[in-house]
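As annotated by TrEMBL, transmembrane segment applies to A:37-58, A:100-125, A:137-157, A:169-187, A:218-239, A:276-299. If you look up TrEMBL, you'll see A:98-296 marked as domain 'ABC transmembrane type-1'.
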Amino acid sequence: MAIHSTPVTDAVPAAKTTPKSSSLFKQSMRRLLRNKLAIFGLAVVVIMFIACFLGPVFSPYADNKIHMNVMNKAPSMKHWLGTDALGRDVLTRVLQAGRISLTVGLASMFLSVFIGALLGAIAGYYRGIVDQIIMRIADLLLTIPGLPLLFIFGALLSEWKVPTNYRMYIVMLMLGLVNWPGLARMVRGQMLSLREREFMQAAVVLGLRDRRKLFNHLLPNIVPLLIVIATLNIGGSILSESVLSFFGLGVMPPTPTWGNMIDAANNLIDFQEHPWLWIPPGFSIFITVIAINIFGDGLRDVLDPKQKR
Amino acid sequence: MGTYLTKRIIYMIVILFAASFLIFSLYALTPGDFISSNIKLSPERKAELREIYGLSKPLLERYGIWMNNVFHGDFGFSLAQQQPVLKLFNQYIWNSFLLAVISTFLTWVIAVIIGVVSAYKQYSWFDTIVMVAIFAAMSIPSFFIGLFLIKILAVDLKWLPPGGMLTTGSNATGWAYIKEVIHHMTLPVIVMTLLGVGSLTRYFRSNMIDVIKQDYIRTARAKGLKEDKVLFRHALRNALLPAITLVGFELPALFGGSIIIEKIFNWPGIGQLYMQSFSLRDYPLLMGFTMLLAILTVIGTLLSDVLYHIADPRVRLH
Amino acid sequence: MKDLIKIDHLRTHFFSDKNVVKAVNDVSLRVREGETVCVVGESGCGKSVTAMSIMGLIEEPGGKVVGGSIEFDGRDLLKLSKNELRTIRGNDISMIFQEPMSSLNPVLKIGQQIMEPLIVHQKLSKKEARARAIELIEQVGISRAEQIADSYPHELSGGMLQRIMIAIAISCGPKLLIADEPTTALDVTIQAQILDMLREFKKKSNMSMMLITHDLGVVAEMADYVVVMYAGKVVEEGEVVKLFESPKHPYTQGLLKSKPIINQRQDELYSIPGQVPNPLDLTDSCYFHDRCAHCMDICRTKQPVLKGVADQQKAACWLYEEAVVHV
């Protein structure tokens, strides 16, 4: 049986390298680098970011000027992905939209991870009444289906006449608020099991203060889990943003996002005759999200091997 | 088990109450309503109508009236459709159910088979392809893949109808009717299956991988059983066991319809009804729908728990 | 007595990213008809891997039998097709494991699990198999057999489950029974019962037994012949009484010394100094050299081979090599 061989092989490198504080991190990185698929995913994500944030700088069409003479032109050497109804270059628009979509994805991820981790950690650490209140709220929010909830928020934005250039920030806020309960649950579960572990008992025996226990001893232990969740969360947020914007309830034109660019498909003629208007942003979402998911999964294998897929 | 169940049910009811209040307040908070969005009405007529529908009363009172009606099995009256909400639900929900039940079935069958095979052949080229396909399926924006397939399969190749449940103006009956519905259903079912199959395959794959490493699988092999017996009788049963909890979680999806898919494919289901009512601000219907989903979610969670207790012989006795 | 199973120069390796672990490294041993051979050694010495190699259950990818032969009843098991080997497993060769609690499938009834090999190998009908299963449950000393057949593993104790495992193992009348630490996970009182039962079945059906253990008490009680393994190699083997009376290899001597003996209380229990070598950096040396009190220069540079050192006793140790001058 392999039982005899595997623990030994695993234990060897750990015993050989000196147990410096960074060695665990270095080890993880080394293992990550060996996972070719994950590295490929990371490379795609990085390229996507660079293209979206730097690409438009080199585009001659970045000013978004209206050119009535080149309306709805199919892809050509001059306009690689064609032009839209106002004669704007679609490739440039896709890259500019990517900036917004990626920013919204990242920002709402940070927000939901921050709220979720904080509330989950507090609930799991203090337990009792605090735990009860936080988790009941989380339960409640999980009961109400996410999409209708987002739709209501989106409708509120429209009714309140929020200026379009602010909507982007509010969409981030919305996605962050809808996503935290699941996260808080997971972090709380981790905290509860960590609390019972020996090193925590030791901290109790040493009489460390609550805040120190929480921040110095417990939180560092859930950081690997958080990194993994956070990574996978970006993909989910990008998808949610695109759905909302597609239905006209998220970020609205003229601010371009991948989701609201696909809105072109709601126009029958554009849908049938001008597929270059809506297919490229769709594929951009797909490629970005799949790359993030593959990378996130590789990270999980490295950082959090116990976690079930 | 008895007291546990009672506790769970009481908690469930409390959560539903809280959810109902939250849902009500959210919709009440949303400015604008069905009447004010109708530009044909004079201000006097609007005020009159508000009075009739009880929209001018304070929030809490309106909530009380709504809840009271809900308890009497009345989810309100759709302003846009001029029909009771429940009657509308009954009319549309079965169309949603048809799509959901078929695609859920396909999703499970495909996920179990592929999951088992790829777990058994872990690290093979087949497994690698499956893993990439799983990530792909999990990363597709649902509305985009719907549009994309309509464009290719319906618009360009004309193999399948682009949407709806029947051809416009069709009065087919009997077999012809069924054939027509199946024809229209194919594309949305493909898309829904595709969207669901990724995460479920991954779930079964990882469950199987865990199970295959267990001692009792070694015992089964040591007994000289055929590999298919080992896999499907000994391993799969154990891998399916935790999946039973998922059956409960499928409940909202089965009856709640899919807002996005039904909208894209113009399928006359409850999700599509929701989208229509949303643009009209038909609050009774919107609240009813959201409440329905909340109820289904809560019941589903409870069902999962109960099913798990029934299915696992280790838990059953205690 | 005829050889029932003869393992020659078996080598089973485990491959990870860059490393190769030679879990079984050139092991030869045999079990004759009606004989009980005990394979002794510390955990990780390759005794279980040897057993799994016989069963053809080394898990791929990762593990692989890379050399040698396992001759059973005149056929080389390593050359058989998967299907041929399968018809031998559970039928002519059966096996019981260390952890009875996890060795039975939690979601299948006990009766069903005993019936399976009967249906596969003996081609019994379901009804016949069930009747036979109930007989077997009675044979392993469990009353209320009908009721037990319809219960699930979690409803029985560890000792009962190990009896069930024995019932499964003997169901098809095997010629060889491999028992991998069958009593390690059980209470002491149960251990004796299980060992008695194994001995009784062995006597009744004249089957051979390969008993893997680290417990020298079990060896003394059960074995006809003993094989001592260390770091994937056989370091000593011999007839049980002789080996216990005059162990030759320093490792065997150490093992016997570390076993406490009643009425001879020592101030401190003996233990062999040092640790089992890391299987990854084995060099061309006697693997035991850094723990050996008699270590010589040659032990560090050259591996000793297994040679006859006394009547019915072999050891792999430079101490018994005539060419080497003793200090």
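Keep in mind that glycine also has a Cβ here, set from the backbone N, Cα and C atoms.
Keep in mind that TrEMBL annotations are predicted by a computer and have not been checked by a curator.
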Contact call for the transmembrane segment (A:169-187) and the transmembrane segment (A:37-58): at least 3 Cβ pairs under 8 Å, seq gap 6+: no
Recorded stretch that, among A:100-125, A:137-157, A:218-239, A:276-299, has the most CB pairs under 8 Å to the transmembrane segment (A:37-58): A:276-299
Chain residues outside the transmembrane segment (A:100-125) and at least six past its termini with a C-beta under 8 angstroms from it: 48-49, 52, 131, 134-135, 138, 168, 171-192, 194-195, 210, 213-214, 218-219, 222, 226, 229-230, 233-235, 237-238, 240-242, 251, 255-259, 284-285, 288
Long-range environment of the transmembrane segment (A:137-157) - Cβ separation under 8 angstroms, sequence gap at least 6: 119, 167, 170, 174-175, 178, 180-182, 184-185, 240, 243-244, 247-250
